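*Asks:* Quick one: the structure is below, questions incoming.
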Amino acid sequence: MKTALVEAEKGRYQTYTNPMVGAVIVKENQLIGLGHHAAFGKEHAEINAFNNVVQQEKIKGAIMFVTLEPCSHFGKTPPCCREIVRRGIKEIYIAQKDPNPLVAGQGIAYLEKHGVRVHVGILAAAAQKLNRFYNFFYLHDYPFITLKTAQTLDGRISLTASHRTYLTDELVFNDVQQLRADYQAILVGSGTILADNPLLTVRMMNLKYPPVRIIIDRRGRLINTYKVINNDAPTWIFTENMKMSQYFTNSEVEIFFKKKWTLKEVMQRLAQAKIQSVLVEGGARMQDAFLERGLFQELLVYQTNQLAGGNSLAAFQSKRSPQKLLDLKIVERRQVGNASRLWLRR
């Protein structure tokens, strides 16, 4: 199963809304085939594992290890569980059940009904971690939300509110680029666009499905000359200004108008669009809004060994936040460039 998990990892950044999956076929204690789900819409891991077996006659009576329950429905590809039965696999070890309601135990039931011995839960925690966004989305029908910030030792994100202060170095920049590639959406407020004019793209790799750029622009302050208005990735603007659709007639921008948007409603709209994960990058007010509403699962902090002091802008400054301590669990702490990267979970 460890080999299957390593194989599954090869599909990172390519499977889009599909999970990363790896499969291994073993016959008489010898590995005879392995495969992974390489890209959205392409063959699943089990099929690729079958196709990679050199001596096809050895498949009958073999054992399969797969990181996720085989699918049981017709989607972009036929059901894998049927192919497993047809090929004569006698026993299968599955790391975790698929929470997607289109599968949700039906693949396991089909295999058992057709005489395949099924074992579930081998290295389940590792498999769940591999697809934590996918699992969370189908268990809660809601996107997995990560808040990201960079701050000084005294918790400041900028020397002034009107101009950005660059705290981190190129190594942190590259780390954030790779981080972005893992998410299906990047979210900021219009203030970040006005102050920084960012691209909000992944510039280290060519992704077929780049993260959707989500901008909360309630008042409709953006114009189509900002860098984020391009064809590099889809841009969705949530606004309460009904005239915004007149400003952006180009196809790469989609306007979502409502008289009053709440952040929860925005997230629900993203869930309807099958957006499984959202990286909230800023700014300070936007981070505060998510924090005080409890709309996040993880917090990622890049902390530098700098002091800002004075009237510099605090990372978390909302006076409306509940007057109580929020205990978070440290998932990981490591040095990245000139910052200590602290990953925390609720």
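Note that Cβ sites are derived from N, Cα and C of the backbone, with glycine treated the same way.
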*Asks:* Need one residue: from GLU91, GLU281, GLU292, GLU298, the one TrEMBL lists with ARG180, LEU200, ARG203 for substrate.
*Replies:* GLU281
*Asks:* Check the domain 'CMP/dCMP-type deaminase' (1-119) for me and report the mean pLDDT.
*Replies:* 94
*Asks:* For ARG203 (substrate binding site) and CYS71 (Zn(2+) binding site), what Cα-Cα distance in Å is obtained after rounding to a whole number?
*Replies:* 34
*Asks:* For a three-state summary based on DSSP, what are the helix, strand and coil counts in the domain 'CMP/dCMP-type deaminase' (1-119)?
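*Replies:* Helix (H, G, I), strand (E, B), coil: 34 helix, 24 strand, 61 coil.
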*Asks:* Going by Cα-Cα distance, which of the binding-site residues (ARG180, GLU281, ALA284, MET286, ASP288) sits nearest to CYS80 (Zn(2+) binding site)?
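*Replies:* So, spelling it out, the nearest of the binding-site residues is ARG180.
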*Asks:* Around the Cβ of LEU200 (substrate binding site), how many other Cβ atoms lie within 10 Å? Please give the count over every shown protein chain.
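*Replies:* Step by step: centre on the Cβ of LEU200 (substrate binding site), count other Cβ atoms within 10 Å, giving 25.
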*Asks:* Take the C-alpha atoms of ASP196 (NADP(+) binding site) and HIS44 (Zn(2+) binding site) and report the distance between them in angstrom, rounded.
*Replies:* 41
*Asks:* Which of these binding-site residues is closest to CYS71 (Zn(2+) binding site) if you go by CA atoms: ALA150, GLU281, ALA284, MET286?
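*Replies:* In terms of Cα distance, CYS71 (Zn(2+) binding site) lies closest to GLU281.
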